[in-house]
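The ATP binding site annotation in TrEMBL covers Gly242, Ala243, Thr244, Gly245, Ser246, Gly247, Lys248, Gly249. Under the heading domain 'FtsK', TrEMBL lists 226-407. Taken from TrEMBL, the feature region 'Disordered' covers 461-482. Annotation source TrEMBL lists transmembrane segment at 29-52, 67-87.
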Amino acid sequence: MPLINIIPGEKIPVAPMNVRLPAWRVPGWLLVFWWLARGLLRLTVLAVRYWWLTTPTVLALWVRAEFGGLVLAGVVLVVAAGCGAWWRWHRSSWLRFGWYPIVARVRMLFVYRRRWASVMATCGLATSFAGDRYVPHLLRVRCDRFGDELTVRMLPGQIPDDWGQAAERLAYAFRLRTGQARSAARADRVVLRFVRRDPLAGVVAPLPVPEVPALDGLALGVDEDGHPYRLRLTGSHVLIAGATGSGKGSVLWSLIRSLAGGIRSGLVEVWAFDPKGGMELAAGVPLFARFAYDDPDSMAGVLDDAVKRMRLRAARLRGVTRQHVPTVKEPLLVLVVDELAALTAYITDRKVRDRIKESLGLLLSQGRAVGVHVVAALQDPRKDVLPFRDLFPTRIGLRLTEPEQVDMVLGDSARDRGALCDRIPESSPGVGFVVLDGVREPVRVRFAYLTDDDIHHLGHTHRRLDTTSDSDEQEAAREDQH
Ligand SMILES: Nc1ncnc2c1ncn2[C@@H]1O[C@H](COP(=O)(O)OP(=O)(O)OP(=O)(O)O)[C@@H](O)[C@H]1O
């Protein structure tokens with residue numbers, strides 16, 4: 001018998017009442033039976049969930065067992081021929097109802113489900129509560145030619161912006177490059193879009209010129225679904241920002257082209273300002289009613305004229321209508337400015353600069369309802385131009401050099417909502433994000449590209465027909481001056 005007993009640990013105080021629990025002895029066969037039953041249930045659930053995989057497998061095994069391998073090969077051939085015939089006969093329905101649903105299921109299983117929990121944890125979208133881990137639930141995957149769309153049930157406390165911030169990280173985690181998040185119809189869900197192949201990789205040829213410009217939807221390029229992208233000019237001004245070589249010219253020219261039918265018929269007047277010496281816009285001179293490019297003073301004068309016309313028109317329309325409808329006598333006036341900062345920031349003469357700023361402010365704040373619109377390109381989104389930003393209901397961000405510039409130009413949180421202008425590669429000029437006032441999600445677009453020849457040709461075919469007789473308004477403005 002030992003002399004001293006050393007017992008590690010703390011002494012358990014003696015309780016006033018001691019209860020002895022009965023010890024259950026579970027027999028081994030019951031445990032095995034329990035495990036087997038549980039495993040079987042899980043297998044059944046999996047077999048039902050992945051019916052699209054298990055049903056053909058079971059059928060194939062049954063055909064082989066009943067009729068032999070040759071019959072099975074024949075059945076496979078018939079099914080393959082049926083799919084081939086469907087593809088040839090009606091490709092779009094085959095892709096929509098046959099091919100992409102299969103691709104979506106395979107990708108859901110082998111790409112997304114396989115890594116879901118770990119990716120959620122590493123991207124900071126999983127959480128733990130009271131010792132348990134919670135992961136957002138992947139509900140559905142849809143595939144199309146260019147990407148995958150995932151519908152996810154968020155965890156309580158998450159909002160679509162959280163997913164927007166993580167979207168790019170998620171895309172890379174699933175071995176893709178671009179990701180965007182947008183809100184879904186139901187408040188507890190978010191839709192993620194990952195791009196597998198850039199639908200906007202190819203150059204977009206100039207779009208057809210309509211006889212009468214559709215001011216509610218000018219076709220300027222294509223969106224990610226391959227549909228023509230239509231921009232509403234009625235009631236709006238357009239700001240286009242992009243680094244040098246990002247394709248600002250292609251947006252301006254696509255817009256002028258979409259208006260060309262109206263320019264020829266006299267429904268639209270374009271006044272062009274090219275403060276960088278006329279390099280960008282000079283090729284389209286026959287299309288413009290006014291073209292100012294040389295000294296700041298003359299540009300300020302043309303802007304003053306625009307303000308005068310706007311005021312006369314406003315006085316005439318006051319109490320008659322709330323939205324101007326363009327006519328040949330009173331055409332839509334579109335002021336196209338190639339470099340806004342050159343008008344508002346770089347001019348050294350302070351008086352002229354202030355005059356220009358004042359006119360621009362008036363045109364931007366009062367022009368929309370009376371059919372006077374400003375379309376301005378901007379290379380350098382600096383503070384000097386910022387006061388004007390909010391007066392542009394339509395903002396287009398092409399490639400920008402720094403992430404901070406995105407929100408500076410497009411508005412707060414635009415980058416979190418998916419406008420990754422700083423990630424647009426230099427090899428994709430003309431690609432940009434369109435942000436509209438009151439619309440949450442930016443739209444990614446590639447604008448049509450007009451070569452110099454296209455512009456010359458446009459100037460030739462759609463030049464202003466009657467350049468000698470001025471509109472009634474011009475005459476009135478002149479009388480007003482005298
Ligand atoms: N929509 C487009 N599609 C394809 N290529 C384009 C497109 N837009 C522009 N490019 C190409 O990119 C080049 C630069 O375009 P552009 O001069 O319009 O850019 P920018 O933003 O106006 O530059 P800068 O500020 O220097 O004038 C063009 O010469 C053309 O080759």
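Heads up, the Cβ atoms here are built off N, Cα and C, so glycines get one too.
In terms of local Cβ density within 10 Å, Gly242 ranks first among the binding-site residues Gly242, Gly245, Gly247, Gly249. For Thr244 (ATP binding site), the same-chain residues that are 6 or more apart in sequence and have a Cβ closer than 8 Å to its Cβ are Gln379.
Same-chain residues lying 6+ beyond the ends of the transmembrane segment (67-87) with a Cβ under 8 Å from its Cβ atoms: 60, 93-95, 98-99.
Within 8 Å of the centroid defined by the CB atoms of Gly242, Ala243, Thr244, Gly245, Ser246, Gly247, Lys248, Gly249, the record's ATP site, lie the Cβ atoms of Gln379, Leu398, Arg399, Pro429, excluding the listed residues themselves.
Ser246 (ATP binding site) falls outside any helix or strand according to DSSP and counts as coil. Counting every protein chain shown, the Cβ of Lys248 (ATP binding site) has 27 other Cβ atoms within 10 Å.
Counting only same-chain residues at least 6 apart in sequence, those with a Cβ under 8 Å from the Cβ of Ser246 (ATP binding site) are Leu398, Arg399, Leu400, Ile424, Pro429, Gly430, Gly432. Around Ala243 (ATP binding site), the C-beta neighbours below 8 angstroms that are at least 6 residues distant in the chain are Gln379, Leu398, Arg399, Leu400, Thr401.
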